[in-house]
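Copied from TrEMBL, the annotated features are:
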{"type": "DOMAIN", "residues": "3-288", "note": "domain 'Hcy-binding'"}
{"type": "BINDING", "residues": "Cys208, Cys273, Cys274", "note": "Zn(2+) binding site"}
{"type": "DOMAIN", "residues": "319-563", "note": "domain 'Pterin-binding'"}
Amino acid sequence: MTKAEFKKLVENGPVILDGATGTNLQKAGMPVGVCPEQWILENPDIMIKLQEDYVAAGTDILYAPTFTANRIKLEEYGLADRLEEMNRELIALSQKAAQGKALVAADMTMTGQQLYPIGDLMFEDLVDVYKEQAEVVADAGADLFVVETMMSLQECRAAVIAIREVCDLPIMVSLTYNPDGRTLYGTDPATATVVLQSLGADAIGINCSTGPEDMIEPVEKMAEYATIPILAKPNAGLPELENGVTVYKTGPEEFASCGKKLVEAGASIIGGCCGTTPEHIRALKEAVKDMPVHKPLTQKRRILTSERKLVEITLDGNFMVIGERINPTGKKKLQAELREGSLNMVRQMALDQEENGAAILDVNMGMNGIDEKEMMINTIYEVTSTVDCPLCIDSSHVDIIEAALRIYPGRALINSISMEKEKMDKLLPIAEKYGAMFILLPLSDAGLPNDSEEKHAIIRTVMEQAIKIGMSKEDIIVDGLVATIGANPRAAIECYETFSYCKNELGLPTACGLSNISFGLPERTYVNTAFLTMAIAHGLTMAIANPSQELLMNAAFASDLLLAREESDIRYIERMNMLAEKYAGQERVLVPVKKRRRMIRQNLDHRKEEVLFLKLF
Ligand code: THG
């Protein structure tokens, strides 16, 4: 099935999924501790009967029982050499049950191994594991993919990248969340929605986790951000332990009436997870079949994310700073550390900048004497496990930007794409593939534009090209291209023209580096600060700057206040309180990275047991 056909199907929905597999197979005699896929292949009639019952109950999309038939999981049972054969047979089994009356989704999930830097599994190896399974199930005739019961956004990214590199089939991704509304790595449903739809997922959702009632809130959250359909597949209530057996007590009727609420909240693809039966699905279908289908957003919001936090960029919102400090240019001490392979200063810079109010952190590793790509990757691992700010990937090398985007566990900003042929031809498709936003630098192969007209023409050309290859205006932030006052007395005025042109004529947000403006002048901070406040008044959205420069930062907060921007008064007061506290000598208590990782690891072990308990495979 094509992505367009999938979109149409959901528009005519609500689309009904199947119910539980694991809990029903257990009831039918599948022992605990066996490889479920192997057991299913040894007892195909039980599985086929269950899926036939789901189809009869109204299921539109069956999940093929390929859930953990990936190399890592199969290896645990000594079955890795049967991966292809098993996946083919499992898809065929669901096709047999579907009889053309339901679609068959190839089902993939976690491997049980944790990704580096928490575990040892490298991202690219996980992509390969998913690719291997995806190739087989796509070739076996699966209609679409579902990546489900995921606890890690980064593992979802690996799966989506893998599937997209293998085929063009639609991809639904669904995560499980803890009662606090986050995955165990700290991702919330809104962040997952932004990251995965940017990466090319065709539906985003939630499964397992909770009973249907508790899924309403996460579904509503996803709906605020989603440009793609939302999926909900709740358990039949919370698991309860009775005589040593896990039971789910929400009956079909109650389940179905909660299902209606989920559809009202925005879910247009709906089914059941642990504890649900064909009777639950029948009641659900009956309850929701004539309900109107929620329409996803038609215009996407401008959002960058880390794994744990999202940052929204709006044309009239609060002014934002991209912290510039993780950049060895002009920093001898940092250069020396990086040459020794130490990231201590980088880590401290990340913490300081976040604390001082940077919304986004620029990461640039351009210097002599190091392997820039390797250092960029290591820095991303270090910074993303230290702070929650989204990152701006800054390199003049296309391959380094691509390598960084691949492993970055969120939605990044590329710094930058110009009209230079090499950049436009190579980087725009990379930005599109990884779903990144980018800073548009108005330069061409002819060098700097001679005047504002030429600058604006370049901006339009790159914007049109980006749109042509499938990106949108909401993916772009324009750099004003700050020149030096010493060389051109009108440098600031020309930038202001660009800021207002972009905001008012093109509807694009803007950014700029500040320090160029004052190059060669004494006491540059004053010039930079005056430039910044006037730029904000002319519509500048964000600046690449050093957030530890308090005059500059405070002037930015004050500018928002003077422009009566939403909640700017609260933000100004909070900022002043923060500074007052800082200078009262109170130290911020920081959890060192190593300790933080240890905490996460402990949590993971705990969670793993819980999940095994909740869901059989
Ligand atoms: N536009 C875009 N990207 C950019 C710039 C821009 N990236 C690079 C630069 N300009 C913004 N980043 C920096 C980073 C560091 C410094 C200035 C701009 C800097 N370094 C001091 C020095 O050179 O001496 C060291 C100061 C310190 O220790 O903090 O000033 O315009 N899209």
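Glycine is treated like the rest: Cβ placed from N, Cα and C.
Projection of TrEMBL feature records onto the structure.
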| residue | record | Cβ within 10 Å |
| --- | --- | --- |
| Cys208 | Zn(2+) binding site | 21 |
| Cys273 | Zn(2+) binding site | 31 |
| Cys274 | Zn(2+) binding site | 27 |
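If you average pLDDT over the domain 'Hcy-binding' (3-288) in this model, you get 96.
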